[in-house]
2 protein chains.
Amino acid sequence: MDEREALSRIAASLPDAGDDAAVVGSTVITTDMLHDRTDFPAGTTRYTAGWRAVGASLSDVAAMGADATAAVAVYADVEFDPATFEAFIDGAVDVCESVGARYVGGDLDQHTEFTTATTAIGETDAPVRRSGARPGETVCVTGTLGRSAAALELFEAEERLERANELFRFPPRVEAGRTLTAHATAMMDSSDGLARSLHQLAAASDVGVEIDRPAVPIDPAVDDVTDTPEDRWRAGTRFGEDFELVCTIPETALETAIDRCPVDLTRIGSVVPADRGVSVDGDPLPDRGYTHGDERA
Amino acid sequence: MDEREALSRIAASLPDAGDDAAVVGSTVITTDMLHDRTDFPAGTTRYTAGWRAVGASLSDVAAMGADATAAVAVYADVEFDPATFEAFIDGAVDVCESVGARYVGGDLDQHTEFTTATTAIGETDAPVRRSGARPGETVCVTGTLGRSAAALELFEAEERLERANELFRFPPRVEAGRTLTAHATAMMDSSDGLARSLHQLAAASDVGVEIDRPAVPIDPAVDDVTDTPEDRWRAGTRFGEDFELVCTIPETALETAIDRCPVDLTRIGSVVPADRGVSVDGDPLPDRGYTHGDERA
């Protein structure tokens, strides 16, 4: 049983799990753990780690269409160093402030490797779940995909580390998420990669999805680190951890949604009946992506 | 810089940190990390681990006088085993249900040792902080102290493990905390031990505390595992992780508070001016206890 199967079992037994965040009254809550070995390649600053870890939870709040109100984090390290700890807190505070939320502290621990567990909460009276997509609607994505994949290439090559850190500090799409609640029928973030996200959304909504490959907005940073169109496509759609929003919007609402969304919103395909599966340019799109908790090989 | 100093620095820079939970509007939120090496002695079942880890966060919510609404947890293990995972979830669900909260899922991760990070949220319009105690008031504690110390002795002796697990599964004092909001001027939980908790409460309120040693309710389980009065006292007051509530209540409100509190509420001393420090039977009470994140030597 891998993480996805396990999460399915949790979802089956707990009515509130299985979306980007759990809904408790008008509050949404989500939690994540990230650690050195799997999530922070050598060269990642602690400021970036704080931003990215807390940002990942804020992204889940955004994916529910909620207003992010606060975040907390547990910070655990092998040895406690005040300077790196403060850099982490600075990153956590700054990413919260960037979306109008408050970083309100947390817990300290000692661990065998640098580990952080972050939790964010938000408020909404109308959470957007993964399950509301209907055939005939459009499939859209905010911003561009592949920033994290591009950053990882730079980290691994030990090149342009400042740029790599910048790419790793993604903007959580809280404002976009709030705007899209008025238009989107289903929404989630792309933290597992576009391909896997589309499969998850399709499964939750019991629909299929047809993607138009040329329409998928791949970040220009990906061009700098890939040589072939196939590498570029894979970096943009499979690597994940980009924390963009993937949503479905009725045709009639699309123009207004694009106008109002504070970041680029791109139509990348259409919702189709479930029996047509998830495809790109007519070929099946494999359900492959980043499984959180796996080590990057 | 140890954890306490680091937390002081966080508290100084973040207005919401430094209490048992952070207050965001009418919501309180708290997060903790526990792991195998430091928090779960050999013999602790995963059911007990789930109960205890989530219970620790619920206890922080209780210490604010809030109504616990929900909890989430990250579950990380060296190898994923469905049966132990489900036992953990069962414990998490059961401790939530015991206080009327909902366990709403979380995240899975892989780690170098079994690690869990739990977060609980609650609601209150009148949070009880650590800072409201005034000289002349009474100092009280719920329940009995030393259950966890007694459990640890059993775990270490590899004796009566079922009883040890039972002692480890403490009841979070959510209902008591809600009742005490009407009476208490300051409140916190005893997770760092009674001695350290009293020092923290005294410092936050800028007061001193005089404790009457015979009045401190030590759990009968401690008698089974200690030989001398000094060992008994140390187990009850220094070890901590008992998750009882320590609070201050004006003399005039004490009788009503005791009547209404759903668990035993015991007066153990009085609040005095700050220059008289923290003492027990006239002698200084050392600020010693359990520092979270330290390994148990």
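Cβ atoms are placed via backbone N, Cα and C, with glycine included.
Curation plays no part in TrEMBL annotations; they are all automatic predictions.
Pulled from TrEMBL:
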type	residues	note
BINDING	A:ASP20, A:THR30, A:ASP60	Mg(2+) 4 binding site
BINDING	A:ASP20, A:ASP60, A:ASP189	Mg(2+) 3 binding site
BINDING	A:THR31, A:ASP32, A:ASP107	Mg(2+) 1 binding site
BINDING	A:ASP32, A:ASP60	Mg(2+) 2 binding site
COMPBIAS	A:285-297	compositional bias 'Basic and acidic residues'
DOMAIN	A:18-123	domain 'PurM-like N-terminal'
REGION	A:274-297	region 'Disordered'
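Location within the structure of each feature annotated in TrEMBL.
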residue  : record                : CB count, 10 Å
A:ASP20  : Mg(2+) 4 binding site : 26
A:THR30  : Mg(2+) 4 binding site : 29
A:THR31  : Mg(2+) 1 binding site : 28
A:ASP32  : Mg(2+) 1 binding site : 25
A:ASP60  : Mg(2+) 4 binding site : 31
A:ASP107 : Mg(2+) 1 binding site : 26
A:ASP189 : Mg(2+) 3 binding site : 28
Members of the binding-site residues set A:ASP20, A:THR31, A:ASP60, A:ASP107, A:ASP189 whose C-beta sits under 8 angstroms from chain B: A:THR31, A:ASP107
For the domain 'PurM-like N-terminal' (A:18-123), the number of residues DSSP places in helix, strand and coil: 39 helix, 41 strand, 26 coil
Pairwise Cα distance for A:ASP20 (Mg(2+) 4 binding site)/A:ASP32 (Mg(2+) 1 binding site) [Å, integer]: 11
Cα-Cα distance linking A:ASP107 (Mg(2+) 1 binding site) and A:ASP60 (Mg(2+) 4 binding site), given in Å to the nearest integer: 21
Local backbone state of A:ASP189 (Mg(2+) 3 binding site), from DSSP in three classes: strand
Segment-level pLDDT (mean, integer) for the domain 'PurM-like N-terminal' (A:18-123): 95
A:ASP189 (Mg(2+) 3 binding site) to A:ASP32 (Mg(2+) 1 binding site) - Cα separation in whole Å: 14
Neighbours of A:ASP20, A:ASP60, A:ASP189 excl. site residues, C-beta within 8 Å of centre, Mg(2+) 3: A:ASP19, A:ALA21, A:THR30, A:SER59, A:VAL61, A:ALA62, A:ALA63, A:MET64, A:MET188, A:SER191, A:PHE243
Cα distance (Å, whole number) from A:ASP107 (Mg(2+) 1 binding site) to A:THR30 (Mg(2+) 4 binding site): 17
